[in-house]
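TrEMBL lists 467-478 with the feature compositional bias 'Polar residues'. Sequence annotations record features per position, and here TrEMBL assigns domain 'Major facilitator superfamily (MFS) profile' to 36-454. Per TrEMBL, the feature region 'Disordered' maps to 460-493. Annotation source TrEMBL lists transmembrane segment at 37-59, 71-92, 104-119, 125-147, 159-183, 189-209, 246-270, 282-305, 312-330, 336-358, 379-396, 432-449.
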Amino acid sequence: MTGEKKKKKRLNRSILLAKKIIIKDGGSPQGMGEPSVYHAVVVIFLEFFAWGLLTTPMLTVLHETFPQHTFLMNGLIHGVKGLLSFLSAPLIGALSDVWGRKSFLLLTVFFTCAPIPLMKISPWWYFAVISMSGVFAVTFSVIFAYVADITAEHERSTAYGLVSATFAASLVTSPAIGAYLSVTYGDTLVVILATAVALLDICFILVAVPESLPEKMRPASWGAPISWEQADPFASLRKVGQDSTVLLICITVFLSYLPEAGQSSSFFLYLRQVIQFKSETVAAFIAVLGILSIVAQTVVLGILMRSIGNKNTILLGLGFQILQLAWYGFGSQPWMMWAAGAVAAMSSITFPAISAIVSRNADPDQQGVVQGMITGIRGLCNGLGPAFYGFIFYLFHVELTDLDAADSPGKETKPNMVNPTDESSIIPGPPFLFGACSVLLSLLVALFIPDHCGPGVRPGGYKKHSNGAQSHSYSPPSSGAEGKDPLLDDSCV
């Protein structure tokens, strides 16, 4: 008993010390001005700009460290990171409800960027740390909670869209800058610059970002207990079967996001290996894709939502994703990749449209439940998708050749496959075809999602400080019919 009391005292002292760091004397939050979406946008931009600079050096280090089975190891590294993020996201979200958002923004950005300087110091330590950093690599979860604290419910779709567009914008120029500096001055300078940008992000959080969660909105004590349900990553997934509409939406998200998560972890390697893109071409491809994605998620999405409706926008986005993945799978020429990239930008409208259909039709007290399910599904895909793609590349014996050869204009290289004459000419990218089949199933499931009539069906007003996007727990209705009431309003089906 004496040992337990000592542990509690040490914990309380640590909590008080952390609170003094985060909150000024007098209780006012540190930072510049009132908390706004623009604070969140700058944090996201700087973090992913730093990682975008490392696109070319990362491919080189990955190939040098794992010359054999490069795609498989890349998939396993990203798979471990994704699964750890899935397991830790609910706990970090629950703790941020108690301790505030700013401290966990600082924590997640610091540990997400911690592997960057290790890339040149020790590649093995770099890959080990980047795998384990998944425990804290949930910046988007905390950012969405930050945005939810400071926006009304009807403003969140626009705010989330701005954050997502900022992520795409951060990748428009950073890979090209990193590729140019890598060719001209070497990878070491790129790593130093990326480290400096990451440190700038951390300093911005410390100095400029104000706390978004008011003190009065938190539990009375910083030592307030956190229930296992709040920290359980599978808690939201277990509620899927309560409502048929939510079940259909979650299946649609899983089948469509699984190949997307796998593609994002291996596609740049694929461009270098199979299509023989140079570093500069890969950077230009990312930039063009980012610009087109911004246009699709801001301009095109709004037009489609108004003209053809929410459900049809989802179906159209899934159709574009099937075409994109099939084109990636069968395409063997550079122009095919560019054309498929334009289609990929259009497929980026799918998830915002899914989030919108949930936000428009879920009751205010059920927003956290449904959004938590979708967030949990995506987190699970971030772990399974990269491993799935890496394993299929391994089964089809697609491995990296000398990356320097792809950058040399006088050399021609071929994919390292068992029978290049047959396999590479017919199916250059097997995982993308598996992904296309998965999205086709997702499209068939999405056909059965009921087309709701919009926000007018929801009772109640907006809740400005409810964390609708990230909450994994909720207060059930007083009627007690938790298992029987539908999570989404089906009155207009």
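Cβ atoms are placed via backbone N, Cα and C, with glycine included.
Those TrEMBL annotations? Automatic predictions, nothing curated.
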Legend entry - Considering the transmembrane segment (282-305), which listed stretch of 189-209, 246-270, 336-358, 432-449 counts the most C-beta pairs under 8 Å: 336-358
Inset, instruction - Please indicate, using numbers and ranges, the residues of the same chain that are 6 or more beyond the transmembrane segment (432-449) and have a C-beta under 8 Å from a C-beta there. - result: 245, 248-249, 251-252, 254-256, 258-260, 262-263, 311, 314-315, 318-319, 321-322, 325-326, 328-330, 357, 388-389, 392
Inset, instruction - For the transmembrane segment (189-209), could you work out the same-chain residues 6 or more beyond its ends whose Cβ comes under 8 Å from its Cβ atoms? - result: 30-32, 35, 39, 42-43, 46-47, 49-51, 53-54, 56-57, 102, 105-106, 109-110, 113, 116-117, 119-120, 178, 181-182
Legend entry - Stretch in 37-59, 104-119, 125-147, 159-183, 246-270 most in contact with the transmembrane segment (336-358), if contact is a CB pair under 8 A: 246-270
Inset, instruction - Examine the transmembrane segment (246-270) against the transmembrane segment (159-183) and state whether at least 3 Cβ pairs sit under 8 A, considering only residue pairs 6 or more apart. - result: no
Legend entry - Cβ pairs under 8 Å between the transmembrane segment (125-147) and the transmembrane segment (37-59), at least three: yes
